[in-house]
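What TrEMBL records for B:CYS230 is active site, nucleophile. Under the heading S-adenosyl-L-methionine binding site, TrEMBL lists B:CYS106, B:ALA107, B:ALA108, B:PRO109, B:GLY110, B:GLY111, B:LYS112, B:ASP130, B:ASP157, B:ASP177. Look at TrEMBL and you will find B:17-301 tagged as domain 'SAM-dependent MTase RsmB/NOP-type'.
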Amino acid sequence: MSNDGQRFDRLPATDDERELESRATLEEVVGWWDERFGIGSEEFEEHTFWEKGAGKIWIAYGEHPSPTEIEGLGMKFLRTRQEHWKPTTNAVQRFGRVAKKNVIDLDPERAMAFVRGKDQEVEWDGDWGYLIAAHEIAGEREPLGVGLYLHGELRSVVPKGRRRED
Amino acid sequence: MEVLSRYEPLVDDFEAFLAACERSLPAVVRVNTIKAGVERTKRALDEEGVGYEDRKWNETVLELDTDKPGNTWPYFHGWIHGQEEVSSLPATVLDPQPGERVLDACAAPGGKTAQIAALMDDTGLVVANDNNLGRLSALRFNAERLGLTDVAVTRQDARNFSLKPFGFEAFDRTLVDAPCSCEGIIRKRPDTLDEWSLSHVEGVSGVQKGILKRAIQATRSGGTVVYSTCTFAPEENEAVLDHVLESEDCRVVEFDTPLESRPGVTEWNGEEYDRSIRKARRYYPHHNDTGGFFCAKLEVTG
């Protein structure tokens, strides 16, 4: 069994069910969101997780046959098979509202710079690595996307097509 | 605009119709209720100083007082998506329910797919199909920006759509928002009629018949198929319905239409169509200040 970039393979539930050594398990993927952001597995109870292309994990509502050869299944969720796993902007926007940790709140000026793709120096006492950048809008905190915090700097990893250009 | 003169016998107040076709369209968006409610979206627009106006028939449809809805926070967050007012109609006529299996046969760039998914609370399954790779990539981008997880994207010829990848036999509902000569989007793209020819209309009509036929076959008995286009040509609307009524197990059913409309025509250029096609609806630009549109609701009977 090998990884195939043209099809969706459902993630094995746990290590015991794993046939492809490099493939992440459901337990690891859901566990990572909990560990990193305090987003519990109950948020994903109705979803299934899939790999298409080496390391690209997708999240989809409900059950589907595995493997499935189609163009898209739900949304890209997490990049694995690299030293530091990286959540997608779209996943953080959809599921990140309930995050309990590793969320960096940005004031209006910094929020605007962030969504324009600018890196900026920030004060941050928490973990290094991938954070959820958020701002306040319409009375509540709302996730903007993914930032990479290293050496006192927050790098915006908002993809080009998702940035604000005004 | 000369092309449109062929519709003079069908359209009341033809001068007003032509005048409306020359005006540009208002900037209208749909609120993506998967990510934010209408009230929160309005509050965010207020904070940014962007004016908006409600559409009475659908609370998720807003006209924005800006030329660039894409340069707002609600857009960045995927709370709103640009969608012409009348384009919001077919998904509401389809009336998909949470948990159902729905096919959007000609889905790109995905505005209607996203609306269907939102009406289903991002549950069940929406299969978004298109045959054009470039347009599919726009669809995928939009669906992910809007945070949808119940959308599966396929690239097939809708005339031969296969359910094999999904392991079930029929959809509960199918939308066929067919490729067409697009006469009705003249307010968005004024050059849309420059390439118009009757032979193109007739060619497209053949494709539309094939797509609608397969859509009916792929939908369960008792299920719903909605057929829509953004063109005025009866060859691409009523003639397509007339064709499938003869060959497939289905019937045209009435639907509540909140926008002003006219019945489907039953006579055109010496052709006569099935009387039940009057239950289909035509939408003209001067009636609701929208683009032109056609929409029919079918019930699958076999």
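Including glycine, each Cβ sits where the backbone N, Cα and C put it.
Heads up, TrEMBL stuff is auto-annotated, nobody curated it.
TrEMBL feature annotations superimposed on the structure.
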| residue | record | Cβ neighbours (10 Å) |
| --- | --- | --- |
| B:CYS106 | S-adenosyl-L-methionine binding site | 23 |
| B:ALA108 | S-adenosyl-L-methionine binding site | 26 |
| B:GLY110 | S-adenosyl-L-methionine binding site | 30 |
| B:LYS112 | S-adenosyl-L-methionine binding site | 26 |
| B:ASP157 | S-adenosyl-L-methionine binding site | 14 |
| B:CYS230 | active site, nucleophile | 24 |
### Task
Would you kindly give the Cα-Cα distance separating B:CYS230 (active site, nucleophile) and B:ASP157 (S-adenosyl-L-methionine binding site), rounded to the nearest Å?
20
### Task
Look up B:LYS112 (S-adenosyl-L-methionine binding site) in the DSSP assignment and report helix, strand or coil.
helix
### Query
What is the interatomic distance between the Cα atoms of B:ALA108 (S-adenosyl-L-methionine binding site) and B:CYS230 (active site, nucleophile), given in whole Å?
14
### Message
Please report the distance from the Cα of B:GLY110 (S-adenosyl-L-methionine binding site) to the Cα of the residue listed as 'active site, nucleophile', rounded to the nearest angstrom.
### Response
15
### Message
Please report the Cα separation of B:CYS230 (active site, nucleophile) and B:CYS106 (S-adenosyl-L-methionine binding site) in Å, rounded to an integer.
### Response
13
